[in-house]
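What follows is one structure encoded as structure tokens, with my remarks underneath.
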């Protein structure tokens, strides 16, 4: 077999350490032959043997006389030292015009001997022949190639890449099996090469041609799975493309992608026919041992277990990849040989605040592919601030402000109508942020001396102008707004148009928070495109940045997640704001269904779980006792698990973060809970518990101060880890969904009686209220609640007066007397007693309904029914109940909920949440 040596590889732009820029067929020559083929390889060295194998493109090799050696067959003795040897085919179809004389071959041997010194690495004290012989097999090829057309060498004609590869089309009809037969045979012994390569110096490894992942993918399979193509991104040198599970549709897409690449770049990287043949190899089922039928999540798991890198670290992704969108299953696999080259890239990812954040950071998903193609237009930004020029007063004197200072002052002035305006914490945080904009030497030095009345009055005038607008003007404004937002409202997922949930970037303003949030009043700065990361499909057009002169922070192509965009929360940078598809999208519907199925599955295990934690109430291990008591409280009271809070976050509490002072033991076995729950809503509840639970809580409190943790041996992660041991996938949150749904299902089944639709709706609202109380879904009483109740009361009194008149007229009709005049002085037509009785019945029903509505409004004034409907109640329970009792679903679900739960509308009327 002929060999070729290179004096120095030609690098483009210093990217010589990248081997992914070479055609993939070139990398296949890196495969090491098996020991069983040693004798055959030796015999091939002694004489040239013609072959149909396609020769890879090479960098030009400069000989002493200034000519480029031919890649024709050369006779090279096995004892000849060479720093870079390459087993090449006997005849290359790329350069079929070169002479094959003995003189040329001897000249090539001379050139190879002279360039040996220039490629010596850290093993300078040893001849390469001894290293090669130590491997007990033919040496693997090592050669570096430039992806660009090569430069002239001493006046020689440049080895133009396109012209050479075009000549290769004559071999398009050659069967791939014959072209790559030797490669497949040699791939069987690739396992022994890994240990030898690990011992080689890094420089020597970098000069090798390609980085085959020998410990993960057999060489024979890689050859059959990867078509010849060019990756133009030099930054992806260390990332190997994984095997692609192709379907008949994807084969066509790949062929079209090849044609497009030829048209766009004006050069042929590979014959379309050849690429189609390589792809069809997979379709014909010739690769019996591939893993295309293995779920992608398992393949990710296998990759991470075979790699020395931590699976927790996200893999670097090059954003400007030219990969086609027709390759949905492409994965980045880092070979052992290329780990050193990816060190810097991984470090950047690790140090990023997004990857290291411990709270809601964008992850790589669960490894399951959520979509194949994704196209959207990004997000829409709020309009820029328009200055009004109104001055505020400081100690009675007008003060000039810059545009930035005026914008923030206006944010504060327009909140004069709210309670926040007078809250000390709100004013303090606002002043601290506004003072930074004003500067230390500004005339305004104290917030209390500022009078924002001029701006507030301007604000009221603007509101009044909007109210005075005609219907046509309002309609025109609305249409203009819709026209601007239309293109941002939709995404195309796998060819299906889906509505996006919230595509608007939040405008700047003053943070309010819920309850007594410690950050209320802080400035929410304006979000810019350079802070936003987008997620789209590979090959999809990158959304145009709507703000001139700016650009997106990053563009990802992660099909294991469903978010479309995210950015850091301006108030709490450890948290993120996401843009997802709408609630009615197929992806969201599937996610909801899986959530409720997981909770429903708990019905099969709940008895065993309760038996387990009851037994552990008396466990000797304190940690096990605390886990048992915490699980009991989460199960019986539907408490949230709770997470640790930073000092600058609202001091809300969950089960695992309860303090000793939040729990009071009341003999003989009652516990009073008093703490600030999620959204800073106070949770106050006194419940009767099991005697063993009462005793255990008393023991947990012993010797501790009120600010100490009640469960000092426990946190949320430990609790969830224990629950997952009992039931795979079980977390504390599943208990809330289970308890909410099972409560609704049982109450509706037990309390629904025959009656009209209105009465049945009252039964549903009562059950919904019970769920809301269990989940502590509270709300503050509306400011207009009192006025609404007064209005209803007055209306009921009016109806009762009318009822009295009707009853009086009924009595007069029975006596044959004419009816009395109405309260408005008008005469009333005489009617038969039956007609008066009918009017009385209608009026009584109207009064009864209004009284029922008023009672419900008063009863639910502090209870939020919507939260449990949206997040915790299996919608199939409601839909099935409505079908069984002939209640229109529109009476229970709003229009938005009907869209969100479209997947549940086909449920059978007999559906029950409990499978028992």
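Residue numbering: from 1, along the chain as shown.
For all residues, glycine too, the Cβ spot is worked out from N, Cα and C.
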### Task
Look up 67, 286 in Swiss-Prot and give me whichever carries the note phosphothreonine.
286
### Task
Write down the single range among 634-639, 640-645, 646-651 that appears in Swiss-Prot as region 'Interaction with DNA'.
640-645
#### Entry: Record-annotated phosphoserine (source Swiss-Prot) among candidates 84, 170, 186
170
### Message
Using the alpha carbons only, what distance in Å do you get between residue 795 (site 'Interaction with DNA') and residue 563 (site 'Interaction with DNA') once rounded?
### Response
50
### Query
For residue 563 (site 'Interaction with DNA') and residue 595 (site 'Interaction with DNA'), what Cα-Cα distance in Å is obtained after rounding to a whole number?
18
### Query
Do you know offhand how many angstrom separate residue 872 (active site, O-(3'-phospho-DNA)-tyrosine intermediate) and residue 595 (site 'Interaction with DNA') by C-alpha?
9
### Task
Please name which of the recorded sites listed here, 514, 595, 652, 678, 777, is nearest in space to residue 720 (site 'Interaction with DNA'), Cα against Cα.
595
### Message
Cβ neighbours within 10 Å, counted over all protein chains: which one of the recorded sites 514, 777 has the most?
### Response
777
### Query
How big is the Cα-to-Cα gap, in Å, between residue 777 (site 'Interaction with DNA') and residue 514 (site 'Interaction with DNA')?
13
### Message
Around residue 514 (site 'Interaction with DNA'), which of the listed recorded sites (466, 595, 652) come within 10 Å, judging by Cα atoms?
### Response
none
### Summary
Rounded to a whole number of Å, the separation of the Cα atoms of residue 466 (site 'Interaction with DNA') and residue 678 (site 'Interaction with DNA') comes to 37
### Integer Å distance between the CA atoms belonging to residue 595 (site 'Interaction with DNA') and residue 678 (site 'Interaction with DNA')
21
### Query
So among the recorded sites 652, 720, who's got the most Cβ atoms within 10 Å?
652
### Task
Over the domain 'Topo IB-type catalytic' (584-914), work out the mean pLDDT and round it to an integer.
90
